[in-house]
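Q: Take a look at what TrEMBL says about it:
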type     : residues                                             : note
DOMAIN   : 1-250                                                : domain 'Protein kinase'
BINDING  : 36, 352, 353, 354, 355, 356, 357, 358, 359, 360, 375 : ATP binding site
ACT_SITE : 129                                                  : active site, proton acceptor
DOMAIN   : 251-320                                              : domain 'AGC-kinase C-terminal'
DOMAIN   : 346-603                                              : domain 'Protein kinase'
ACT_SITE : 463                                                  : active site, proton acceptor
């Protein structure tokens with residue numbers, strides 16, 4: 001069961017899968033919400049798509065006459081939407097109790113409903129299921145439109161939808177005949193809803209002509225006739241809501257006051273205790289509320305609902321997060337998040353670091369005053385879902401950063417992790433100029449053992465470098481090292497799959513990554529080799545100085561030439577040089593695996609290695625680590641002869657499968 005469910009107390013509501021819930025924790029503790037529950041396994045593919053669409057629309061919509069989505073989360077088998085609890089029930093229930101509406105009553109509800117539909121249409125959304133059952137009343141008596149399961153996004157007057165969906169009695173003719181429909185279909189349903197509320201039936205649906213009762217005003221009859229035009233282009237509202245507003249039926253409506261909810265509703269639902277449900281159908285409210293774990297859904301359903309979670313808040317602008325430019329803007333995909341607001345739980349402090357797609361800050365937990373780090377990711381720049389999934393699966397390893405919590409405000413994702421007070425491995429290298437062989441071996445052992453664990457799980461990190469390896473505390477013991485920043489990590493879906501995306505940090509990138517013809521976990525070994533070299537030398541093997549450009553470094557990597565002799569290398573053991581040569585082999589097939597690195601004598605006999613630090617030239621500036629980049633897919637930065645050298649080893653043939 002999801003931890004999110006522990007925050008709610010269940011009460012019955014008038015639907016088989018809707019509960020009245022009370023929030024237990026957080027600033028909104030005690031607040032009543034409606035919780036819509038859906039079983040993933042029982043949803044057909046079409047219904048899964050519609051459920052995801054409903055959630056996406058609710059996230060996008062913010063209007064006084066449309067129900068608000070406060071939270072969304074999921075368990076392995078179920079989906080949960082936490083919505084406004086509207087104590088007044090729905091208009092249909094009131095009609096079923098034979099409570100008649102006057103024409104003036106209906107005018108009020110229709111006016112608010114018109115504003116709600118107009119807001120949806122402006123967002124390119126066709127509602128497609130307008131009926132009294134989907135119009136709720138709040139405790140004051142204002143309407144709220146709900147249930148967006150049949151709505152369609154990205155449809156304007158120039159485009160059409162063709163699905164046969166909705167409630168038959170309220171469907172427009174163009175929906176029934178499947179010739180394509182647009183937002184005008186909602187105005188037909190709007191007229192049918194008007195008719196239903198006034199007359200309690202839709203008796204004209206089988207007739208060729210619409211008969212009007214004599215007691216109905218001329219203006220009301222005119223409105224209905226203009227809404228029931230079979231040609232959508234001639235239907236009132238087809239050119240926008242202003243056509244509706246200008247009709248004589250609404251002549252006495254002050255639309256500005258109406259939008260501000262300053263017009264008093266004609267009917268106020270009976271009030272009692274906040275959790276009273278006597279405005280709802282007792283068929284459902286009399287039942288005992290139960291919510292059991294659902295059966296796990298298929299892998300396809302899991303993939304579809306990736307990004308279902310949501311929290312209705314936005315605090316990034318308040319903290320003025322530095323915008324980060326990118327030429328490779330990815331689609332917005334949301335991920336599983338905590339059903340709470342980040343700003344309610346944590347206080348943001350100073351920057352810890354700025355990356356290519358994110359900002360890392362120190363933060364303090366408000367309740368405990370404990371310090372943490374939070375990585376804030378702009379979802380329009382980078383899809384964080386893979387990073388979250390990997391950290392949730394493998395973050396319990398003692399040398400992998402622990403993910404404490406995840407928050408999503410719609411635009412930014414907040415990953416709360418341990419605060420690594422010992423700083424970066426890079427800082428320690430720069431401070432010491434270099435490591436002794438004993439210290440370097442201890443560090444390499446811990447990191448390689450952790451990477452070996454990841455590779456056994458089918459995870460490739462793809463961005464191993466000193467700035468992504470941190471110490472938990474200031475003791476700087478090798479055991480306290482943790483690998484951080486899994487923003488470019490990839491879970492291989494096939495046993496022998498290849499990766500294609502050329503993401504890299506110039507100093508640490510493997511040559512096969514630059515080729516853009518497929519690479520695998522061996523790229524991590526190359527990066528570990530560069531890290532190993534840097535710890536011993538105090539500078540990276542392919543950088544000659546602090547003014548080197550990424551292009552110059554990449555050209556040297558393509559040639560695969562680096563020095564292990566002369567100068568300070570004369571004092572380095574042959575064992576270290578042998579291991580380096582195998583880790584920095586140009587051929588990924590001949591390059592050592594993590595298992596081979598861990599079995600090398602320089603690692604297994606590290607207690608016999610010298611622990612002194614020989615004097616070295618101050619060339620540590622050359623280790624300066626740039627941000628991780630995406631290489632342009634059409635451009636390759638390594639020489640043709642180097643490409644031929646790497647291609648000759650046949651990485652793709654070694655796997656025998658298509659790249660992924």
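Residue numbers in this text run from 1 along the chain shown.
Glycine is treated like the rest: Cβ placed from N, Cα and C.
Describe the structural context of each listed feature in the structure shown, including burial, neighbouring residues and relevant distances.
A: According to its DSSP assignment, residue 129 (active site, proton acceptor) is coil.
In the three-state DSSP reading, residue 463 (active site, proton acceptor) counts as coil.
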Q: How big is the Cα-to-Cα gap, in Å, between residue 353 (ATP binding site) and residue 129 (active site, proton acceptor)?
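A: So the Cα of residue 129 (active site, proton acceptor) lies 49 Å away from that of residue 353 (ATP binding site).
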Q: Counting distance between Cα atoms, which of the recorded positions 36, 129, 355 is nearest residue 463 (active site, proton acceptor)?
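A: So, spelling it out, the nearest of the recorded positions is 355.
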Q: Tell me, by DSSP, whether residue 355 (ATP binding site) is helix, strand or coil?
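A: Coil, per DSSP.
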Q: Please report the distance from the Cα of residue 36 (ATP binding site) to the Cα of residue 129 (active site, proton acceptor), rounded to the nearest angstrom.
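A: About 18 Å separate the Cα atoms of these two residues.
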Q: Which one of these binding-site residues has the most other Cβ atoms within 10 Å of its own Cβ: 353, 359?
A: 359
Q: About how far apart, in whole Å, are the alpha carbons (Cα) of residue 355 (ATP binding site) and residue 129 (active site, proton acceptor)?
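A: Per the Cα atoms, residue 355 (ATP binding site) and residue 129 (active site, proton acceptor) stand 45 Å apart.
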